[in-house]
Structure formats: structure tokens, C-alpha cells
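Novice: Have a look at this one.
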Amino acid sequence: MCWAGRTMLGTFSILLGLVQAAAACEFGPFPYRGTGIVCRMTKPAALLLNQETAQVIQAAFRNAKFPNITGERSLRLLGRVAYGLRDIQVNDLSIERSEVELQEDSAIHISIKNVTALFKGTLTYGYAGAWFLQLFHSVDFEIESSIDLQLNINLMCQKDQVAPDASDCYLTFHKLALHLQGDKQPGWLKQLFTDFISFTLKLVLKREVCKEINAVAQTLTNFIIDLAANFVQDKGIAVDISLASDPVITARYIESHHKGLVLYKNNSSMLRDSVFSPSLLTESRMLYFWLSEHSLSSLAAAAFLDGQLVLSLRGEKLQELFEVGDTEAQQKAVQRIFQGTSYNDSVAKVWSLSQPQISFQPEGTVVRSSVAVELSILLAGAEPRVALYMEKEITVTIQAAYAEKKLTLQPVHSSVEIKVFKCTADPSGKDPSIQSFLQNMILVAGIPEVTSSIGSALTSLMNSKRLDLFDIINPEIITREGYVIVQLDFGFPSHLFLNFLEKSL
């Protein structure tokens, strides 16, 4: 799944992580029916990401393991000449520019222009002359090079996960100049060995650099997949982000489709009637996430089964909840309920009695749930005494927004129906002042407090997955019947990948 104001490290690192092709996977005749999560990255995002491609190419050159190069030639008068290049290393690498194109044939084409690199090492050579004269020498060398690099990255599917293939890799040499012992002037010895080794050296450079680029692509893709899998996992609850269908690659965007099934205690939700269609997404923003109602509803169900939908309030939070009005009648109702006990000596517990039912509508996310509220008085040296207990059916419409690295859940409409009521201050359950106060308290303060607490908890969870390191620009959360769309522009903390590359390569 896709997620500090610099651009992403290399186009292919993230594009490969987001897009998962299906060359070796079977999805059946109606793959969209099993789609719970969709990610679409548009061409502007690819262009932005490409600004950091140089970092990946530099890592590939630095980490390429160049073998020793040996060869020999027979020359008239000089006899047999043998040579060997060893300890080849890369220094002073620079890249002039990089270009990326999305191709209709499920490939990402990256063109790296004018890669200049200085290769250093040791040249050992010897020859047996026609008059049995034998000379052996070992000198340091430098090779100045100017290279264009062409990458066609194909995407394959293995075990429902991405398997990038960057082996379609070509190096074009504009310059390959050999210098011996730092001597930049042409000489017969340099010319002799330049002619001997240039062809072999080109083959070795192409093989080793392209092999390392392919390895870096694999490593970064695995990193992205692991990062995405960790982002949608909390404790015993996880989301299956394996492929649900073939990707779509056009000249304008890349789109990947994922199952989005919720996994909890060896059980998995089932989705066979997804309403996803590519026409539901536009191309005006850089990044889109489409989430099915089924996936979010299954997450809520798993959170309920895991006992996570519980909230306790005391002290100032409890005071804010019950002091929703300042009329004399409301104040008397609060005093009767708490029976003179301070807020610090009381605790309110709110929990779901059944799994919430979630549906997406144009006006927002509609949540229906059976909820219990219990207010206990904590007396020193005595068992807690229940002063209030209610069970109620709540329907609330919530609008979500993300700004300043915080998720906000705002209730815009709500209704409450009390099913069970027990209160020591109103044993009959018919006291109009207490009934009116509690109904007002639930609607005005109770529901907003619960949704605010859930929003804060989700923000903390997302930040623990490092979402706060991303620069998310003007995000929009749009609900429609049966699904929600998150669309945004972004910047990416490329140091995450730089640190990862330094540790893993």
C-alpha cells in the first residue's frame, strides 16, 4: 500500500511496491469482485518520484561486485601479452538527469542520461618478447566513463505478490578512457590495453551493474511490501494486501488491486461482490486509495472481537462529559447522579455490546452500534458502586478529515434510543430532569467524546507506523455508497530508503 518534504527514492522503488502484476497468477474471469483495496498512482506522482532515481542508481553502482578481468593477446614482435584488472571500485559517480515513462504494455521505462563514473583498480600485465625477453608490471589505473542507462522494468506476480524484473537493462557507453598511474596523456601502453580490455570491460560493467539494479529493485520492493503489510496490522488483526487482479498500467496512471480481507485469529472475511470499477477514480491527484465498505466493516468487527472498542473516562474528561450545560436543573441532575462524589473518585466506562455496522453514504460514514455506559463511584475501602448503567442503540454519521498529521472524526448527525436504564438517582427511570439531561449529555458530549477518542487512537496507531513522516498535501476523504476514496498529493521521506539501503546492501 502506498504512504518530510523530499521526494521518494527512485521511481522504480515505489512503483514496484504499489503495482503488482499477474503474469504468473490466476484471478478468474471476474477479478474485481474480490477487490477490497485499490491504489492508483498518476503520472505526476511518477515524475515527482523520479527525482530521486539517482540515489538508487548510485547504490547499485556502489554495491556492484566487479570481478577481476583477465585476457591475453598475441602480437607480432611482442609475442603473447596477458593482462588482468583487479580491485575495481567506483568513485565520483554523478547523473545528469533521469526520465520515466509509463507504458501500456505493463512496463515502466526509465532512462538515465549521462552517468559519469570513475573506476579505479590495479592493472597487471606481462608479455614474452620474440627474443625471450619477459617483463611483468603492476600499475594503478583509472577509467573515465560516460554511460546512458535504459531500464524496462516488467512486473510479475509470484505467490500473489510483486516480483519485479529489471533484467531488461542496457548500458550505452559514450566514453571509456583508460589512464595508467594517473597519466592522462595518450601513450602506446595505454592505447594497447585500452584496445584489449574495452570490449570485455563493457560487458562486465553491463552485467554487474544491471544485476545489482535488479537486486536493489527486489530489495526495495520487499521493503515496500513489508512496510505496507505492517501498516495494516495491529496486534492480532491484519489486512491481506495480496493481489486481487491484474494491474493496470497506462500512460497516465498505475493501478493495483488488493484483496483487503481482514485476518483475525486464523479467520478471514470474504468478499465476492466488490463494487469497484476503474471509472470510480480520477487522475487529478497524485495518489488514490479506494477502500471497500466490506474491508472497513470487517476491521471494526475484528476490533470488537479483540476487545478494543472500550473507553474509560475519569477526572477532567469525565467532568467535560457531564458538565455539558450550566442550567440549575442540569447541575442538580449531575449532583444527584454522583451523590456528592468528585469526578476523580468516579469512572465512566463505554463499550460496544455488539459489533458495529458500518456503511458508506455520500453524507458520511454511518455507524450503527449497541453501546453500554456504566458510571461507577469509587469509595475508599469499599467495592465500586454502580451509579448509572445504560444500554442504547446509537446511529451516528461521521465525516473524516486528515490535516496537520491528525485524523479527525466529526459526528454530523446522530440518534440514540435507550434500551436499558438503571440509575440510583432515578430508580423508576421516569425522572424528566435526569432523563432529559442524560439524553442531552449523550448527544452533545458523549458521542463527540467517543469519536474524538477513536480519532486520536487511530492517529497514534498510524503515526506508530510512521505515517507522520510523510508530507501529505491536501488530502480528501470522500464517501460514496459502498466505498470511500482517499485522494492526495504527497512528498516522501527518502531518508527511510537511504537508511534501509545502507543497512541491507
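Cβ coordinates come from backbone N, Cα and C, glycine included.
This is the feature table in TrEMBL:
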type	residues	note
DISULFID	CYS169-CYS210	disulfide bond
DOMAIN	40-267	domain 'Lipid-binding serum glycoprotein N-terminal'
DOMAIN	281-488	domain 'Lipid-binding serum glycoprotein C-terminal'
SIGNAL	1-24	signal peptide
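Give me the local environment of each listed feature.
Specialist: CYS169 (disulfide bond) has a Cβ environment of 21 other Cβ atoms inside 10 Å.
Averaged over the domain 'Lipid-binding serum glycoprotein C-terminal' (281-488), the predicted model reaches a pLDDT of 91.
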Novice: Far apart in sequence but close in space: which same-chain residues, 6 or more away, have a Cβ under 8 Å from CYS210 (disulfide bond)?
Specialist: ALA166, SER167, CYS169, LEU171
